[in-house]
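The structure appears right after this line, and notes come after that.
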Protein chains: 2
Amino acid sequence: MADKVKVAINGYGTIGKRVASAVMRQDDMALIGVAKTKPDYDAYVAAKNGIDIYPVDPAKAESKFKAAGIKIAGSNEDMIKKADIIVDCTPGGIGEQNKPLYEKLGKKAIFQGGEEHELAGTSFNAVCNYDEAIGKQFVRVVSCNTTGLARLIYALDKGFGVKKVRATMMRRGGDPNDVKRGPINAIVPDPVKLPSHHGPDLNTVLPNIKIDTVAVKLPTTLMHMHYVNMNLKVTPSRDEVVSTLKQYPRLWLIPSWMNIKSTADVMEFGRELGRPRNDMMENCIWEESVSVDDSGEVNLFQAIHQESDAIPENVDCIRAMMGIEKDAKKSMDKTDKTLGLGNFAPWIQKLP
Amino acid sequence: MADKVKVAINGYGTIGKRVASAVMRQDDMALIGVAKTKPDYDAYVAAKNGIDIYPVDPAKAESKFKAAGIKIAGSNEDMIKKADIIVDCTPGGIGEQNKPLYEKLGKKAIFQGGEEHELAGTSFNAVCNYDEAIGKQFVRVVSCNTTGLARLIYALDKGFGVKKVRATMMRRGGDPNDVKRGPINAIVPDPVKLPSHHGPDLNTVLPNIKIDTVAVKLPTTLMHMHYVNMNLKVTPSRDEVVSTLKQYPRLWLIPSWMNIKSTADVMEFGRELGRPRNDMMENCIWEESVSVDDSGEVNLFQAIHQESDAIPENVDCIRAMMGIEKDAKKSMDKTDKTLGLGNFAPWIQKLP
């Protein structure tokens with residue numbers, strides 16, 4: 001194998017820490033380090049895991065890190081210089097501010113769904129448009145909600161042709177440790193003016209799909225829930241729809257006997273399996289919910305783990321941009337195997 | 001080493017599944033099996049982990065388990081017959097119904113804090129009264145809240161003498177996957193008539209402590225929060241109180257630089273560490289919160305993980321009742337080492 005791709009993570013929050021862990025599991029990538037402004041429990045665990053930490057301003061941060069017993073390896077810019085590619089996991093809008101630095105240093109960078117499509121010019125979902133990212137300097141991995149929609153719609157469009165999609169995103173208010181966000185006791189149409197951005201965002205990776213989307217924010221932290229309605233171009237049986245969904249990667253059909261009745265149960269299942277951080281990176285589709293009428297109209301529920309579902313896409317995006325794997329399926333298979341996707345045996349027992 | 005103690009788990013919910021995992025990590029115990037009424041995701045993971053499953057009524061349950069691809073090993077009663085000791089983790093009140101069966105079969109049994117003290121006659125917390133459980137047939141491990149109080153109060157009573165305790169229990173409404181419990185938008189004094197049962201319950205393991213307790217239920221699932229006020233018999237410095245707390249097992253003082261600002265951050269830390277099920281079995285005491293005035297009055301906050309803090313106590317209780325370890329400290333050290341308590345390195349790397 002050629003030299004490993006050197007990956008740096010700029011921003012070490014919900015997404016950044018997961019991309020770091022995922023990169024460390026790839027044999028064709030090496031994690032150079034992560035950017036972290038100040039010491040905290042995330043920095044502590046990163047350091048204990050042997051990850052190099054690069055604050056934006058080491059002079060300012062050094063004494064704080066030293067007091068916490070955590071070494072720092074240099075500045076954020078030092079880290080970026082050492083890397084072949086940067087995965088920018090900073091909060092929405094900050095990626096835009098960082099882009100000039102990546103350009104100046106001639107580095108490739110991946111942005112997350114919180115940035116505008118135009119910042120990168122190419123948006124990405126592995127199963128939909130892997131090829132478009134091959135060799136690019138800047139690519140944006142679409143958000144958790146769009147990733148969840150894209151995987152599902154792609155599968156049914158390939159299988160039967162999709163005429164029209166209507167999707168209702170019931171969004172978590174904030175992530176589990178994000179105690180300052182809300183709502184805590186309301187249902188917030190977000191945005192009120194329709195459609196929500198998810199439909200147009202989906203079209204950045206699946207341009208030919210007609211789609212209406214609405215989103216509401218809810219007082220929960222665990223997952224998003226999607227209610228998806230679709231008109232297909234043909235009229236398959238329910239069994240045909242279910243078996244098609246089962247053939248595509250990163251879609252998990254929840255069997256009814258598992259008695260998974262809510263997003264809380266989905267995450268509890270991830271916890272029982274011993275998955276790292278309980279992450280359920282697959283679209284979790286209630287098999288029982290899938291219904292198809294005699295005009296080819298499909299309805300279903302899927303739960304989307306906002307913290308983790310786009311993580312495998314980031315790994316695949318690195319491979320595409322670096323040109324180390326030109327075949328989408330091969331990259332996805334490798335990513336899924338190393339991250340344990342689609343594998344519902346207790347995590348530690350079965351991974352390579 | 002002598003034969004391993006054969007342990008059966010009756011009831012495989014929040015507590016039962018954790019006791020099962022903890023027993024499997026002990027070299028002086030063998031897990032015979034667990035009782036599970038019907039197949040679900042918990043049963044699925046148990047079976048994948050090689051745990052034998054014994055439904056109460058196998059004739060009734062067999063077809064359901066078969067359809068789910070899960071083998072059953074016999075009836076609940078078969079399981080109990082094979083065991084030296086049963087850890088009864090059934091919902092509060094059911095343990096009382098089960099006791100006659102344990103008596104009939106001449107088996108030892110541990111009950112949980114949801115049962116009355118009188119059912120067992122002996123209540124248990126490892127650091128407080130390990131010796132009282134030695135050789136007993138029936139013992140009750142006190143509840144999560146009482147366990148958290150007992151560990152803390154024991155340490156300060158040994159260190160300085162405790163004159164009086166006043167404790168406010170801010171309780172989680174339900175466990176993370178327990179979607180039917182509330183409240184979801186209220187603060188419930190529980191009970192309204194004071195004191196709450198926690199004070200008298202503490203006296204089952206620390207009989208000489210004067211204590212007033214109140215409890216409220218809140219719309220959260222992650223942990224309980226205790227505000228504890230204590231009058232000590234002497235007037236130590238704050239540093240003396242902090243360093244005494246640091247000497248006792250199963251008390252973790254959260255350093256302020258970790259930026260752990262809520263129960264959500266405590267559990268996120270457990271998640272980052274990769275602890276099984278994210279469990280934080282230690283009392284999580286905010287070091288910054290510890291204050292001591294010039295009359296020896298102490299105030300502090302501690303977070304208590306209701307799903308897991310009594311798990312190590314169940315393991316110690318098995319050793320005491322079976323008489324295989326007469327020394328409380330030796331049992332606790334063994335339990336803590338095998339479960340990773342007090343070890344804040346990423347879990348998988350450092351355990352034996």
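Note: Cβ is positioned from N, Cα and C throughout, glycine not excepted.
Going by what TrEMBL states, the NAD(+) site holds B:Thr14, B:Ile15, B:Arg172, B:Gln306, and the candidate of B:Gly69, B:Gly74, B:Gly114 recorded there is B:Gly114.
On the backbone, the CA of B:Cys144 (D-glyceraldehyde 3-phosphate binding site) and the CA of B:Arg172 (NAD(+) binding site) stand 11 Å apart. The D-glyceraldehyde 3-phosphate site, placed at the center of the C-beta atoms of B:Ser143, B:Cys144, B:Asn145, B:His198, B:Gly199, has further neighbours from the same chain whose C-beta lies within 8 angstroms: B:Gly113, B:Val142, B:Thr146, B:Thr147, B:Gly148, B:Leu149, B:Met169, B:Ser196, B:His197, B:Asp201, B:Leu202, B:Thr213, B:Ala215. Along the domain 'Glyceraldehyde 3-phosphate dehydrogenase NAD(P) binding' (B:5-144), the predicted structure has mean pLDDT 97. A separation of roughly 18 Å, to the nearest angstrom, links the Cα atoms of B:Arg172 (NAD(+) binding site) and B:Gly199 (D-glyceraldehyde 3-phosphate binding site). Taking a C-beta cut-off of under 8 angstroms and a sequence separation of 6 or more, B:Gly199 (D-glyceraldehyde 3-phosphate binding site) has the following same-chain neighbours: B:Ala167, B:Ile211, B:Asp212, B:Thr213.
The DSSP breakdown of the domain 'Glyceraldehyde 3-phosphate dehydrogenase NAD(P) binding' (B:5-144), given as helix, strand and coil counts, is 60 helix, 29 strand, 51 coil.
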